[in-house]
């Protein structure tokens with residue numbers, strides 16, 4: 001009898017310990033209940049000479065069957081129509097840099113730059129920025145003359161929903177590469193058009209010349225948007241997404257071209273750097289080449305990964321490329337918020 005009591009005691013103790021371990025594992029795994037994504041916008045023509053997004057948005061405005069998802073309003077929108085009409089990057093100033101509080105709150109007067117006025121209109125339609133009324137998600141479609149492939153731009157390293165979406169898009173596109181550029185930086189403020197949304201997503205696809213549309217580049221952009229919308233539908237239908245980790249390239253510094261005392265560019269991107277976006281750059285590797293044949297090498301104590309190499313639009317911004325470093329980002333387990341499901 002005593003032996004049976006001892007065995008029962010050990011058995012119940014074992015069961016209790018197992019229960020405590022189960023309870024610990026359940027409470028330690030962080031599950032984020034996200035609200036459903038009900039309103040999505042797809043922006044094209046933020047820069048009027050980046051034509052893949054312009055062509056796609058105009059097409060979807062006429063025939064939007066492929067972007068519609070059950071229970072979601074998906075709105076294709078031409079952001080800078082005057083620049084699109086002239087096939088130029090912008091009219092007065094860069095629309096993709098003026099979504100900051102000063103410009104969005106600026107008094108509308110006769111001589112206000114066109115893009116600032118347009119930013120206020122966009123903020124009124126899709127925002128207000130930072131409010132509960134803002135659109136849930138905006139895909140902002142861009143082209144680059146750099147050899148970046150199909151790149152996703154992330155603005156917030158703590159945005160679990162967007163990181164999960166990027167993880168899904170990257171896995172769906174594999175083995176085709178889909179780099180993620182994290183533009184979060186304490187001193188580099190972009191104030192992008194897409195930042196109006198709760199979840200801003202930049203789509204940057206190249207290489208494609210300004211004012212030109214290439215079928216292969218447009219197709220890459222189209223696939224990225226499709227997979228992003230598929231993720232939204234799966235999430236809204238109740239699929240849970242467990243914790244995931246993605247590799248991203250985090251922007252650290254913008255690098256200008258060598259210039260003379262008159263502020264003129266005196267050296268061009270070295271042939272060994274040209275088209276090498278996302279490839280490692282080490283101390284001593286060539287960066288620039290003068291017309292006299294002088295090679296200007298990279299001086300740095302760590303490996304970096306340049307991108308936006310020789311982007312045509314960035315000559316005016318005094319930027320030859322940006323340095324990035326590789327980092328890992330982990331998103332928490334996310335699921336559809338049942339509370340929002342009952343109340344929506």
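Quick reminder: no glycine exception, Cβ is built from N, Cα and C everywhere.
Positions annotated as domain 'Succinylglutamate desuccinylase/Aspartoacylase catalytic' by TrEMBL: 37-231.
Residue 204 (N-acetyl-L-aspartate binding site): 24 other CB atoms within 10 A of its CB, across all protein chains. According to TrEMBL, the feature N-acetyl-L-aspartate binding site maps to 89, 204, 314.
Taking the Cβ of residue 191 (substrate binding site) as reference, residues of its chain lying under 8 Å away and at least six apart in sequence are, in sequence order, 97, 98, 99, 100, 103. The feature substrate binding site is assigned by TrEMBL to 96, 97, 190, 191, 192, 193, 194.
As annotated by TrEMBL, active site, proton donor/acceptor applies to 204.
The domain 'AstE/AspA barrel-sandwich hybrid' annotation in TrEMBL covers 245-324. Mapped onto DSSP helix, strand and coil, the domain 'AstE/AspA barrel-sandwich hybrid' (245-324) counts 3 helix, 31 strand, 46 coil.
Closest to residue 194 (substrate binding site) by Cα-Cα distance, out of the binding-site residues 89, 204, 314, is 204. The average pLDDT computed over the domain 'AstE/AspA barrel-sandwich hybrid' (245-324) stands at 96. The shortest Cα-Cα distance from residue 96 (substrate binding site) to any of the binding-site residues (89, 204, 314) is found for 89.
A 10 Å cutoff on Cβ-Cβ distances gives residue 190 (substrate binding site) a total of 20 other Cβ atoms nearby, all chains included. Calculated from their C-alpha atoms, the gap between residue 314 (N-acetyl-L-aspartate binding site) and residue 190 (substrate binding site) amounts to 14 Å. Each residue in 46, 95, 98, 99, 140, 195 lies on the same chain as 96, 97, 190, 191, 192, 193, 194 and has a C-beta within 8 Å of the C-beta centroid of that substrate site, without being one of the site residues.
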